[in-house]
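The structure under discussion appears below in the form of structure tokens.
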Amino acid sequence: MSAAAHTSAIEPIIREKLSEKPILLMAHLVLGYPSIEENKKVIAQMVDAGVDLIELQIPFSEPIADGPVIAQANQAAIDAGFRVDAGLEAIAEITLTHDIPFLIMTYVNILHARGMGQFISDAAKAGVKGLIVPDLPLQEAGEAIAWSREAGLDWIQLMTPTSHDDRLAAIGAEADGFVYCVARRGVTGKNTSFDDSVGAFVTRCRAATKAPLAVGFGVKNAEDVAYLQGKAEIAVVGTAAIAAHREGGAEAVGRFFRGLRPAD
Amino acid sequence: MSQGYFGAFGGAFIPEILHQTFAELTAAYEAARADADFWSEYLTVMENYSGRPTPLTYAENLSAAFGGRRIYIKREDLNQTGAHKANNVMGQGLLVKRMGKSRVIAETGAGQHGVATATMAARLGLECTIYMGAKDVARQRPNVFWMEQLGATVIPVTSGDQTLKDAVNEAMRDWVGSMDGTHYVLGTACGAHPFPEMVSWFQSVIGSEARGQILKQAGRLPDRVYACVGGGSNAMGIFQGFLDAPDVELIGVEAGGLGLATGLHAARLASADAEVGIAQGYKTYFLQDDDGQMKTTHSVAAGLDYVGVSPILANLHETGRARFIAATDAEVVEALKRLMKAEGIIGALESSHAVAGALRELPDTPEDTVILINLSGRGDKDIFTIADALHDPKWEAFIQEKADQYAKRANNPGDAS
Ligand SMILES: Cc1ncc(COP(=O)(O)O)c(C=O)c1O
């Protein structure tokens, strides 16, 4: 693997946006949950509320890195008839409609079933700028990283509090676009207390890479975002947005994201 | 460098948060493997606690019914808790002690692995949580009862299709948050490296015993070895005794469910319905759709209806060293009845797949054929399922009576009868 040839699609956009605001917001949503039509409404609300990047999760039947809320959303989308082809078509429409970077988040079998290279080139055609695949760790990802770079996509690496420094350095050296820092042990959707241990972890990540840092897992309110401001470039919000949607529909998601930036 | 490949299968497709945990587990396993004292401690515990070596029984009456072809049965049903699962859990339990962890978690389908893990945890003084698909909780109540009596917490999993694969996901989710003090006792030769190799190592005790026993009793190696295949741990266990003997044919019997043509089965290697995929931490054949979503599986035996299969078996399949067939639910119930009546051995529904496969093929073999069947477990746990399959009216009347008795007690709490 060599990081040399790749020019990130996302990093320049992140740097430019950071000249206008102190921290960016990345939202996560599960495609097809509750429906692709509803996804489109939610995305419009997110973009309107100033969300800077969106990761679109392609549902998988075995989402081992996700907590109960997102896992159930995956299952519900599949039960409602979600198909990868239709998902990619919807993504193509979404990326044409909104002028922010979108990423695909999914599990490796979804790529493998379509053919790794085929999936990556289809994702690039659908207009996303990057891929997040939590069950394809560095030592298994060589080909996927090479293909992504060839297709002009950023392969987003994950760093976690249990990764030792030499491992963080190896991951950091391959980072494209930004690094997704997992704020704590455990799956998505549990509370994280944003305190010194998160701060210390983010400092370790910073030392391991030149790429911007996104911090996620448990970001749920303006306080959490304020804590991350100055430490990370991006705060990632997933489960809390699904909860907002369940309570009040697409508009509530817009209100929720507006409320995350107390300074605006 | 990625580790743990068997041909194109295996690997470690795990979230980054577990990287260090797997690195530590692999190191602990490799150190134990290099330490002869560990293996002899393991064998001593298995001898004194689980009843090893388990016997090899010559099935005299069945053999006579097949024109004198010789049938030998490896009696893993006589282990502590009634299945080969005891070998793996005790091995991992001893490893947990070496690693200094205090809690174990496990997934279970039929409940056998859950019961085995709960006994091991009780014996070694470990805290224990068992994840089990809600559907399996419903159909394997006797095992749930025992797990709880043994002090384990049983968590019914209501996600997905509420069977084994969903229990695996839930156990993984627990582990990514609890890995510091907790070990995940995976129940079969699947999952991310080092599990397939490590579980096979602990189960190899079956094959090495069986090889010595059949040489002594039959005077030669068997022509064929049959084992049922859920995840593949009992099959790997017995196959390892004969892998280096190319004339011994190795046959894995998968769950044919309602028939391969119906789509309602769990035959990953014996049917054309499975594709190579990557899920639950490893690469193997999975029953999945074109998008890569896992399908629901079916078997009368809860312990065989898993969507994936050991990467080591997938490789033995690919290289042609082992052959895979499927037995239907109906054939399995017949085989179970036949073994009971002929030999007085009550096999588990899972294990009866191996018996069914062997009995089906036996008439087409030469008359001096010697076969070895791994009877992975005993059938007590299946009493409800078997009684349903047999429609035994006396049993049904008994259950009715029990139900009435409980209903009466619920209405008159003071009445302790
Ligand atoms: C008695 C028995 N045999 C076989 C199996 C299948 O597992 P494996 O293929 O790992 O041996 C099970 C699983 O629960 C079982 O309980």
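For all residues, glycine too, the Cβ spot is worked out from N, Cα and C.
The model shown is predicted, which means the values in this text are computed figures rather than measured ones.
Listed in TrEMBL:
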- A:Glu55: active site, proton acceptor (ACT_SITE)
- A:Asp66: active site, proton acceptor (ACT_SITE)
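The candidate set comprises the active-site residues A:Glu55, A:Asp66. Of these, A:Asp66 has the most other Cβ atoms within 10 Å. Following the DSSP three-state reduction, the secondary structure of A:Asp66 (active site, proton acceptor) is coil. For A:Asp66 (active site, proton acceptor) paired with A:Glu55 (active site, proton acceptor), the C-alpha to C-alpha distance reads 14 Å.
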